[in-house]
Amino acid sequence: MRLRVLPAVLSAAVLAGCGAAPAPVGGGADSPVRCASGSVTAEGSTAQANAINTWITTFQAACPDATVEYRSSGSGAGLRAFIAGTSDFAGSDAELAAADQPAADARCATGPAIHLPMVVGPIALAYTVAGVEDLRLSPPTIAGIFSGRVTRWNDPAIAGDNPDAALPPTAIRTIHRADGSGTTDSFTRYLTATAAGDWPFGSGTAWPAPGGTAEKGNGGVAAAVAETNGSIGYLEGSYAQALNLRTARIGNQAGEFVELSAEAGALAVADADVAGTGNDLRLRIAYTSEAAGVYPIVLVTYEVVCERGTRSESLDLVKAFLRYAAGEDGQRAASRLGYSPLPERIRTRVVAAVDALA
């Protein structure tokens with residue numbers, strides 16, 4: 001499969017449901033799109049879907065002989081499809097479980113399955129409460145709400161975080177994910193790290209607490225919050241931005257209540273450690289960082305791909321597409337949607353890992 005390097009183009013397409021046009025390609029040191037022909041299929045995370053669909057639109061405008069298809073079925077479904085060999089890579093906000101890593105490695109045949117961080121997504125706590133336009137929530141209060149112990153919006157715990165607010169006695173309706181979800185995994189990891197005494201349910205891709213309403217995908221959670229007075233749900237921030245949902249300011253370990261933003265989310269991963277080995281770049285987030293200005297609830301969404309062993313007819317296109325996504329222009333395009341860019345020290349390692357795929 002022959003690679004071509006094309007000059008930059010600007011796609012006029014608008015991402016459906018997000019109201020933001022993709023950023024133009026071009027201008028960075030590693031920006032030119034390296035095109036390859038053929039087709040690639042991928043599946044997984046709904047949290048990264050807004051970013052990956054924008055990348056696809058821009059990439060395919062530059063590379064008309066390429067087709068990249070992404071099915072936003074959820075992280076769990078994406079990993080299962082990858083292991084089964086029905087997709088070329090998986091999008092996942094959760095790492096492969098230790099029990100699943102051998103099966104993923106076997107699917108790759110000649111090399112291990114590795115995690116390439118591609119997007120950092122601040123997790124919004126979006127809410128619809130009539131008359132409440134500004135809301136601050138500390139970790140113990142968040143844990144109380146989603147565990148079902150805090151049941152009304154004028155509860156003393158919420159009032160304590162919002163001493164100047166007029167809070168109604170409206171019943172709280174929590175919205176969580178129905179499907180296996182990396183967003184759920186990241187949110188429950190955050191609760192376990194910051195409010196362990198108020199959150200006895202642990203973490204994982206399946207929602208662990210009783211009560212609440214379950215919806216499929218980040219889009220399902222966003223729609224339910226938009227339509228339901230008294231509701232609050234956790235979702236990747238670009239979905240809240242797309243529907244203009246109100247989002248809570250979150251208490252961090254520095255004692256600040258920080259508004260959701262790409263910049264504040266990026267601070268949460270600025271010092272993230274690489275926990276994998278070699279080109280397996282799974283990250284460890286310090287949810288209890290005491291740095292100022294941090295928006296502390298974030299997820300890292302990965303592309304899980306074969307380090308060696310991708311189908312020969314797909315390899316060049318997989319590399320070309322992922323290199324654009326991890327490049328300076330791909331990261332800028334994601335930032336326009338509300339995602340946080342990868343720290344530069346991580347981004348350059350991702351680009352090198354993509355170039356080494358075989």
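A Cβ is built for glycine as well, from the same backbone N, Cα and C atoms used for every other residue.
Note: TrEMBL annotation is automatic and uncurated.
Phosphate binds Ser45, Thr46, Ala47, Asp93, Ser181, Gly182, Thr183 as TrEMBL records it, and from the list Ser73, Ser75, Ser203 the residue named for this site is Ser75.
Model confidence over the domain 'PBP' (34-327) is summarised by a mean pLDDT of 97. Each of the binding-site residues Ser45, Ser181, Thr183 was scored by the number of other CB atoms within 10 Å of its CB, and the largest score is that of Ser45. According to DSSP, Ser45 (phosphate binding site) sits in a coil region rather than a helix or strand. Neighbour counts were taken as the number of other C-beta atoms within 10 angstroms of each residue's C-beta; across the binding-site residues Thr46, Ser75, the minimum falls on Thr46. Other Cβ atoms within 10 Å of the Cβ of Gly182 (phosphate binding site), summed over all protein chains shown, number 30.
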